[in-house]
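Q: As annotated in TrEMBL:
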- 427-457: compositional bias 'Low complexity' (COMPBIAS)
- 3-64: domain 'DUF1899' (DOMAIN)
- 464-529: domain 'DUF1899' (DOMAIN)
- 396-463: region 'Disordered' (REGION)
- 73-107: repeat 'WD' (REPEAT)
C-alpha cells in the first residue's frame, strides 16, 4: 500500500481454530482436477470424499456443543471434479465430474431426506468437466469448462447459450466478473483470455499470463477491470499477478512466493479486497490486500496450518461473525478434518463497524436468464451486514424445486412386528443436515418435517453408498475421578489368557485377589469408591 494511505486491515490476524472447532472424522479425497475440492454456502459445506463420485455434506455452523455429523451423497459415476453453490440459494449445488456431466442438486434442509437423484443434468461433454461456476447476478446461468470447451448454460433449458472459442489446450479456469458481464479463462497454452459471451464467442482480449503452463487460476476483484491470476514461473515458483484489462499487455504488479508443486488457489473477497493464497500440499496460508489503484499486492498476515492443505474455500460474507470483527473465514480441507480459519481485525466487539463491513450482494437475483442474455446488466441489490438491519434469506431457486414432504410421513408409524428390524439390510446416514429449532417428539405423533421414515429411494441410495453402522459416531468418555474405584491392592494380575480377569454387572464388580484359596473381591458399584485392602 502507499505509505500515505493506511490500510484498515493492516492489523488483521489469522486465528486457527481449537481442535474442538474442527469438523473431524471425515475422509477427504484428492481429485486430479482444477477445482478447489470444497465449497461453502451460508448454511452448508460440501467437499470431495475419498469415495469416487461421492461428496460429503455438513452444516456450516454447529448447534451448541453438538457434534456436526457428515452426510454423504452419491452424485456421479466417476470422480467429482468441481463444486459450486448458487449465490442466491444456500441449498442448490452444482457438481462437475469426470463422467463428463454437470448435475444440479437440491440439498436437504431441516428434516428432509437426501435427494434420490439430481434435479437437472447438463451434458455430457467430450471429456471430464474441470471447473464450473454459477452466474453472480442471474439465477439459471452457469459456465463450465471441459477440455478445450467453455460453455455458458441456460440451466433451466439444459442447453448451452454459447461456447467460448479459441482455446488451444486444456482450460484450467473459467470465472465470471463480479457484474456478470465478462468471463475470464486460464488455459494450459499459458494464455489469459477475456470474453463477453453475449457479444461474440471469440476472446475480446488475451495475453500470456505465466511462463509455466502448470495449473493457472483466476479471480476477479471488486471492479470489472481488474483480476488476479496465479501460476508458476520458469523456475517453478508460485507467482501472483494483478491485471488491468484496459492495459492487458503487461501485469500491473506481480510477486513470487515459494517453490512448490501444488496448485495455488486465489481466494479473493471482492468487498474487502483481501486475497488468501492457498497452495495444495502446503501448510501455510498467505493473506494480501489487493489495491488496484496503487497498484499493489500488500502483505497482511501469514498463517501456519496444523495439517497439509488439500482444498480451500471462502465462507460467504453474509455468514461471517461481523460483531466479532471477523472479516474473512477460510475453510481448510485436510485428509481427516475441515478447519475454519478466521481472520479478525482487533477492534472492540461491541458495535458494528461499517468501514469493515460495507453492504454486500444480497440473495435475490437481479434479472431472469432471458433478460440477461438480451443485454440486461442489472445488478443484485446490496444488503447491510448489520445484524439489526440484515434481511433474512427469502429466495428459493425454481431450477430444482424443494421436494414436498410425503403425506405418509405425517401418519403415525406402526411399531415393528416381532423382532423385525426395519433398518435391517441397509444403513442410513443422518438425513437432516440442519437440526430443527425444536426437538422432534419420540412419541407416535410425527410432524411432516421430522425427517423420520425411510423411502424406497433412500433405500436405493444407501445400497449404492454401501453399509455404515448407526453407531459409527459413538464416542467413549472417561467419567470423573469421583466415580472411579481406586486404591485397589493385592490384585491378581497373572490370570490365564483365557480369563478376562474382571467381571461386572450393573450392581457389582468382581476381581481376583493375589492370595491362597482363590479368593475374589466383590465391590458394590454404589458404595464408597475408595477401598483399602
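The backbone N, Cα and C atoms fix where each Cβ goes, glycine too.
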Q: Using a Cβ cut-off of under 8 Å, list the residues of the same chain at least 6 residues beyond the repeat 'WD' (73-107) that approach it.
A: 29, 31-44, 46-48, 52-55, 57, 114-115, 118-134, 136, 139, 142, 144, 146, 153, 155, 316, 361, 363-365, 393, 395-397, 399-403, 433, 461, 464-465
Q: Would you mind giving the whole-number mean pLDDT across the domain 'DUF1899' (464-529)?
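A: Looking only at the domain 'DUF1899' (464-529), pLDDT averages out to 77.
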Q: Determine how many residues of the domain 'DUF1899' (3-64) DSSP places in helix, in strand and in coil.
A: 3 helix, 20 strand, 39 coil
Q: For a three-state summary based on DSSP, what are the helix, strand and coil counts in the domain 'DUF1899' (464-529)?
A: 5 helix, 15 strand, 46 coil
Q: Please list the DSSP helix, strand and coil residue counts for the repeat 'WD' (73-107).
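A: Counts, helix then strand then coil: 0 helix, 19 strand, 16 coil.
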